[in-house]
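Peer 1: Here TrEMBL flags 85-108, 280-294 as domain 'Glucose-methanol-choline oxidoreductase N-terminal'. Look at TrEMBL and you will find Asn95, Ala96, Arg97, Val98, Val239, Trp553, His554 tagged as FAD binding site. Among the features that TrEMBL reports, region 'Disordered' is placed at 150-169, 385-410. The compositional bias 'Low complexity' annotation in TrEMBL covers 395-408.
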Amino acid sequence: MTADTTSFDYVIVGGGTAGLVVAARLSENPDYRVLVLEAGVDNSADPRVHIPALYSALAYTDADWGFSTEPQPGLNGRQIPVNQGKALGGSSSINARVFVPPTKTLVDAWETLGNQGWTWDALRPYLARAYTSPEVDKSLEKAMGIGEWTSRENDTPRGPIQTSFPGSASHPIREAWAETFKMNGLAMAHDPFLESSVGGFSCLASIDPATKERSNATTAYYHPNKNRENLCVLTSARVMKIDFDMALPPAPIRATAVQYEQDGELRTVAVAKEVILAAGAFQSPKVLELSGIGDAQLLAQHGIDVVQDLPGVGENLQDHVVSSISYRARDDLETLDALARQEPDAIGQAMQQYTSNRSGPLTSVGVYTYAYLSLPAQDQQQLRELLGSNPPPDESSSSSSSSGSQPPLARALHDIGEKMLLDPQTPSGAYLSIMSQAPRPDVPNSGYPADPAVPGKFFTIAAMLSHPFSRGSVHIQSRDPLVDPAIDPRYLSHPLDEEVLARHMLHIETIATSPPLARLLQQPLARRDPASHLAADLDAAKRYLRAKSTSMWHPAGSCAMMPRALGGVVDARLRVYGVSNLRVVDSSAIPLISTANLQATVYAFAERAADLIKETW
Ligand SMILES: Cc1cc2nc3c(=O)[nH]c(=O)nc-3n(C[C@H](O)[C@H](O)[C@H](O)COP(=O)(O)OP(=O)(O)OC[C@H]3O[C@@H](n4cnc5c(N)ncnc54)[C@H](O)[C@@H]3O)c2cc1C
């Protein structure tokens, strides 16, 4: 679009995962003029973006905001890398592409928190609208580990995101994983996108099955629509703040314009209908605070005029903590360790396979299987006691609780958490397998030591805490828009989080010794890191977590959709409290983090948000 760029019906701040979904859906109506302002560039031609196995090479490049947390007391004071995409497509342009759904109980809990109409039944059609499930030859279903599914999401094209079961269809891990969980009574009965529950399953990736390239918000939602006359996407355009018309009460405050910097110039664009904030979980709260919406005391500290006193902005931050154990694999198992060690011969051969016929190890990131699990029955009684000894604060308490939330929210979260933790049909941990060791690259300026890859073949099982009780925050440190926000997720600050994740870590050992999976590993088990030999010792598991766990890069909840009395920032139609035409649509508005990796949930959330916006006008 080349016409007048000084005024639009909708201005979307952030052309990331959610922002591009909303832009594509709103611009379906030719009467709406839609502008997207994105700080990064369209880097989809970069091989590191589109070749699946190269995603980690994007960390700390121009495509990454390169954030780290404040020192985390719950993780031995370490500063944890929390990378975020700075590109058209946002984090969907740098992520690992695992494509897994939230569970029914989790999404239903959004409504329990006070968001009427946000249930699994309401969200499910939007998950289906966001992606296309891959076609699978019937004869391959057993080997693919999906033979037990009595129903599967339809493979007729539905949504723009293309998905596939990544890597080689015949890799033995899929069937071995599915059989192992089946023998323990934990086969996933259906495609988890249809009726999610507990059990082991082969997982999808947002990789186009035809091209074996990344399918993301840019390729799926923007490129097919980029010639629309009414859609304008500006890249290298960094938003500084939103301007408001401060009408006298009772007239509501209105967003009137957005200020952004491009090519060294400060520009302003006027807004006729709405501003939609989609700058991600760390930067949507930042843009609100810089614009005068947030905790009045914090804004005053930075000399920012208060437009709306909304103390929930930047609070309720959640993320998935993850920890893993790498086991020595059988010598004949196909793994990605040679690539993890960056061996030139292996890279050359893999590149040759990929460029000649889109095959070989570069077609996946080596994550083929998942499991959503509750804790075994023997842990339930202990958890009951732990829940009893960590009660939420009472009505009279005015300070924040051990979870990091104010009392009313802490009570609501305690009740929801208790229900989910004690329900055997609700997972409290999400496990993933990786077909290699999990080395850690050097993280600039973090004091986070590199952990280089070692010789040999490995198979890694990681566990993430699905529903953390801990809550952290993200706030501006300055009124200067170029200064990074202070990110403090308070990982494992709630005592129950460490207790739950430590038990899941011990369960990893049970999985690794259960046949038929165990037959793919060297037995007796040999671990890459001696400290990961936990020997059924809960204290050893807790020490290991504090020393080794990290972020899975899924920040959420920092502009939460919740009642204002609970510290919410947006209502159930995603409108910022006190402002008539400003919404937040991205991971920051999701009130309770998804069960596992977040992108599928963000796509569905944004699809539904687009309908809510369309209903308004
Ligand atoms: C390294 C990594 C690996 C991941 N792996 C997976 C995975 O395998 N599977 C999975 O499901 N999830 C994964 N995730 C998480 C998932 O990708 C994110 O949760 C999701 O993409 C977030 O979407 P969003 O719309 O909230 O934010 P984003 O997609 O990050 O979009 C925010 C956008 O806003 C832009 N922006 C920010 N501030 C401004 C400003 N002031 N002006 C203009 N633009 C601005 C950003 O540049 C960005 O484009 C991963 C994330 C990362 C970072």
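Using N, Cα and C of the backbone, Cβ positions are placed for all residues, glycine too.
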Peer 1: Taking helix as H, G and I and strand as E and B in DSSP, count the residues of the region 'Disordered' (150-169) in helix, strand and coil.
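Peer 2: Per DSSP, the residues of the region 'Disordered' (150-169) fall into 0 helix, 3 strand, 17 coil.
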Peer 1: What is the total of other Cβ atoms whose distance to the Cβ of Trp553 (FAD binding site) is within 10 Å?
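Peer 2: For Trp553 (FAD binding site), the 10 Å Cβ neighbour count is 21.
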Peer 1: Using a Cβ cut-off under 8 Å, which residues of the same chain at least 6 positions beyond either end of the domain 'Glucose-methanol-choline oxidoreductase N-terminal' (85-108) come close to it?
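Peer 2: For the domain 'Glucose-methanol-choline oxidoreductase N-terminal' (85-108), the list is 14-20, 38-44, 49, 52, 55-56, 58-59, 62-65, 118-120, 123, 127, 131, 161, 163, 166, 192-193, 195-197, 203-207, 214, 216-219, 222, 233, 235, 280, 365, 367, 370, 372, 419-420, 423, 425-427, 430, 432, 466-467, 553, 592, 594-597, 599-601.
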Peer 1: With Cβ-Cβ distances below 8 Å as the criterion, list the same-chain residues six or more beyond the ends of the region 'Disordered' (150-169) that contact it, or say none.
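Peer 2: Distant Cβ neighbours of the region 'Disordered' (150-169) are 24, 52, 97, 99, 128-136, 140, 143-144, 189-191, 193-195, 202-210, 212, 215-216, 220-221, 224, 334, 361, 363-368, 435, 603, 607.
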Peer 1: With DSSP as the yardstick, break the domain 'Glucose-methanol-choline oxidoreductase N-terminal' (85-108) down into helix, strand and coil residue counts.
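Peer 2: Counting residues per DSSP class in the domain 'Glucose-methanol-choline oxidoreductase N-terminal' (85-108), I get 9 helix, 4 strand, 11 coil.
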Peer 1: Relative to the Cβ of Arg97 (FAD binding site), which residues of the same chain, six or more apart in sequence, are found under 8 Å away?
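Peer 2: Correct list: Pro52, Tyr55, Pro166, Ala205, Ser206, Ile207, Arg214, Val365.
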Peer 1: Give the maximum pairwise CA distance in Å, whole number, for the residues Asn95, Ala96, Arg97, Val98, Val239, Trp553, His554 listed as binding FAD.
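Peer 2: Per the listed residues, the maximum Cα distance equals 30 Å.
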Peer 1: Within the domain 'Glucose-methanol-choline oxidoreductase N-terminal' (280-294), how many residues are helix, strand or coil going by DSSP?
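Peer 2: Reading the DSSP string over the domain 'Glucose-methanol-choline oxidoreductase N-terminal' (280-294) gives 7 helix, 2 strand, 6 coil.
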Peer 1: Report the mean pLDDT of the predicted model across the domain 'Glucose-methanol-choline oxidoreductase N-terminal' (280-294), rounded to a whole number.
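Peer 2: That stretch averages a pLDDT of 98.
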